[in-house]
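Chemist: The structure follows.
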Amino acid sequence: MSREFLKGNSLETPAQDNSLAKKTQLLDRGQWANKLEFLLAVAGTLVGLGNLWRFPYLCYKNGGGAFLVPYILFLLACGIPMFLLETAMGQFTSQGCITCWRHFCPLFEGIGYATQVVIAYAAVSYIVIQAWAFFYLFSSFSAEVPWASCRNAWNTGTHTDRSAANATTPATEFWERRVLGITQGIEEIGSLRWELALCLLLAWVLCYFCVWKGVRSTGKVVYFTATFPYLMLVVLLVRGLTLPGAVDGIKFYLYPDPTRLVDPQVWMDAGAQVLFSFGICQGSLTALGSYNQFNNNCYKDTFVLCLVNGGSSFVAGFAIFSVLGFMSYEQGLPISEVAASGPGLAFIAYPRAVAMMPLPQLWAICFFIMVILLGADTQFVSLECLMTSVTDMFPTVFRRAYRRELLLLCLCSVCFFLGLLLVTEGGLYFLQLFDHYVCSGNNLLLLSVCQSIAIGWIYGADNLYDDIEDMIGYRPSPVMKYCWLYVTPIVCMVSKTEFLLFCFICDSAHTPNPTMLGFVLFLPSNFITASAQLVERAPHVPRLCSGPGLDSRPGSPCCVSLPLSLPLFPVISSAVLSIKP
């Protein structure tokens, strides 16, 4: 397929798009006011909660400093090449993550839809973490932080020993009994936690007004939301390093254990963390890149932003484990018994440590403001990505006065009402299902394989190199091309196979109801990747009944050729392996 043919059949160029806008009185699509807005927006969405609570935990769990070996290898083999690929796709076409595929490879437009399914799930689920953080933030404005003592109505009233590893602490009871009111299992949804529902509503209202004008408003908001968390991180880091026991915590964080490198789980964790924390195959990079100037140096931006993201994860580990070392020192417990990941770190371990410091209210307020802003940046970009995809698909409908604002209002309202399930007393279990089955490395690995094959082999890596050269004036390193062609798809496919086998073996004891529910959540983003290929190709595929001397009348019996069903095979196999007894 020649490059001239691709250009002749591509989407409208920005100049044509503007001409269409003038004729039909459509609003301009918009661009970043300057390069800094783009860099801050991408940095804001990449440096999120995963950097704060997941990377440090994975580092200590998987061999300390030794974990950096698979992490850096995955970053070089998959993270940086896919980051450049997605950003370049958006910048070259000035289109979102669905319509950009109509230029590069229409047959694989389903990948764009699948990324939107993943990011829609993430938009509904991860904003709940902001609601929790708002609840803790408001609770911090008191004479005594409420998770510091056992003299509250939600406490069990039993004496707890701080030095006991299995003690029920005030911080744990505040989290489980006051905030969540958690039930015994996913079978018990329980009632709606109205205070959390109000916090969730507040989070959605803030997101709406930060995104409602598109990149014109988002580009200004990120000046604060993307930079202030770094200030808070530095403040908490300095405070943590001055605490007794901090050095022991940092040693525990970084002490290398090379024997862990033979464990496949270490490599799976590294791959999943790279893909998720770098926003790979979630559509956000393509959407944000589509608002760049055509000649923006996306190649240079890739290395800068990847360095910022990886460095932020590494530095966050010092801030977290210095405080955990202090907890270990104060309680006389091994650090392994006070360390936690995910919500347990942000809403139990760290608040518990803050309660032991002088002026706990101040440090709690700083910490939860940082958590809120880290989540807000990611949420802004998720909404912007969804909005970009819809408005680019239907520009004559939504690029008119107040149409975008109404669409965004409908989107936020639907997501809010869906999210109410996650602020019930059993909502934490559903959030864990979302995280494990949908917003996980499993989906992203499959999409990475499909995307690298579609661009590297079908569209052609050399053609994409020509596109990038048109934008920045020179060709990237040949290493990128070989990663798209060979390294990235092979590494991701091997990692996905190991991931599915690991889940099948290790989760065989799970009850069937949550497993089947998780499978239902898992299926759409995988199925749509293949089904969209069939829908796109079916009207054009030669029929077995076509040709000289054959009956080609409408309605004649014929069948679709076998190659069209081939994309379904990895999806079906993934689905089967995801069903656990």
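Using the three backbone atoms N, Cα and C, a Cβ is placed for every residue, glycine included.
According to TrEMBL, the Na(+) 2 binding site annotation covers Gly44. Among the features that TrEMBL reports, Na(+) 1 binding site is placed at Val47, Asn51, Ser277, Asn309, Leu374, Asp377. Here TrEMBL flags 36-53, 65-85, 118-138, 194-212, 221-241, 270-291, 303-327, 362-386, 406-431, 443-461, 482-510, 516-535 as transmembrane segment.
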Chemist: When you look at the transmembrane segment (406-431) alongside the transmembrane segment (221-241), do they share 3+ Cβ pairs under 8 Å, ignoring any pair fewer than 6 residues apart in sequence?
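Modeler: Between the transmembrane segment (221-241) and the transmembrane segment (406-431), contact is absent.
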Chemist: At the Cα level, what's the spacing in Å between Asn309 (Na(+) 1 binding site) and Gly44 (Na(+) 2 binding site), rounded?
Modeler: 9
Chemist: I need to check the long-range neighbours of the transmembrane segment (194-212): which residues 6 or more away from its ends have a CB within less than 8 Å of a CB in the stretch?
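Modeler: Beyond its ends, the transmembrane segment (194-212) has Cβ neighbours at 127-128, 130-132, 134-135, 138, 179, 218, 221, 225, 376, 379-380, 383-384, 387, 404-405, 408-409, 412, 415-416, 419-420, 423.
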Chemist: Under 8 Å between C-beta atoms and at least six residues away from its ends: which parts of the chain pack against the transmembrane segment (118-138)?
Modeler: 49, 179, 195-197, 199-200, 202-204, 207, 281-284, 343, 346-347, 351, 364-365, 368-369, 371-372, 375-376, 378-379, 382-383, 385-386, 415, 418-419, 422-423, 427, 431, 434-435, 438-439, 443-444, 447, 521, 525
Chemist: So what's near the transmembrane segment (362-386) in sequence-distant terms, Cβ-Cβ under 8 Å and 6+ beyond its ends?
Modeler: 41, 44-45, 47-49, 51-52, 96-97, 116, 119-120, 122-123, 126-127, 129-130, 133-134, 136-137, 140-141, 145, 203, 206-207, 210-211, 214-215, 218, 221-222, 225-226, 228-229, 232-233, 235-236, 239, 279, 282-284, 286-288, 346, 350-351, 354, 408, 411-412
Chemist: Report the residues of the chain - excluding Val47, Asn51, Ser277, Asn309, Leu374, Asp377 - with C-beta within 8 Å of the mean position of the site's C-beta atoms, for the recorded Na(+) 1 site, in sequence order.
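Modeler: Result: Ala43, Gly44, Thr45, Leu46, Gly48, Leu49, Gly50, Leu52, Ser312, Ser313, Thr378.
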Chemist: Write down the Cα-Cα distance for Ser277 (Na(+) 1 binding site) and the residue listed as 'Na(+) 2 binding site', rounded and given in Å.
Modeler: 11
Chemist: Excluding the flanking five residues on each side, which residues at least 6 beyond the ends of the transmembrane segment (303-327) place their CB within less than 8 Å of a CB in that stretch?
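Modeler: Same-chain residues near the transmembrane segment (303-327) but 6 or more away: 39, 42-43, 46-47, 50-53, 55-56, 59-60, 71, 75, 79-80, 83, 230, 233, 236-237, 240-241, 243-250, 252-254, 277-278, 333, 335, 338-339, 345, 349-350, 352-354, 356.
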Chemist: By a Cβ-Cβ criterion of under 8 Å, what residues six or more beyond either terminus of the transmembrane segment (270-291) are in contact with it?
Modeler: 29-32, 38, 41-42, 45-46, 48, 50-51, 54-55, 58, 62, 67, 70-71, 73-75, 78-79, 82-83, 86-91, 93-97, 100, 111-112, 115-116, 118-119, 122, 215, 298, 306, 309, 313, 381-382, 384-385, 388-389, 392, 439-445, 447-448, 451, 491-492, 495, 499
Chemist: Enter the number of other CB atoms within 10 angstroms of the CB of Ser277 (Na(+) 1 binding site).
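Modeler: I get 23 for this one.
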Chemist: If you draw a 10 Å sphere on the Cβ of Gly44 (Na(+) 2 binding site), how many other Cβ atoms land inside?
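Modeler: Summing over all protein chains shown, Gly44 (Na(+) 2 binding site) has 25 other Cβ atoms within 10 Å.
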Chemist: Let me check the 10 A CB neighbour count of Asn51 (Na(+) 1 binding site). How many other CB atoms are there?
Modeler: 24
Chemist: Would you identify which of the binding-site residues Val47, Leu374 has the most other C-beta atoms lying within 10 angstroms of its C-beta?
Modeler: Leu374
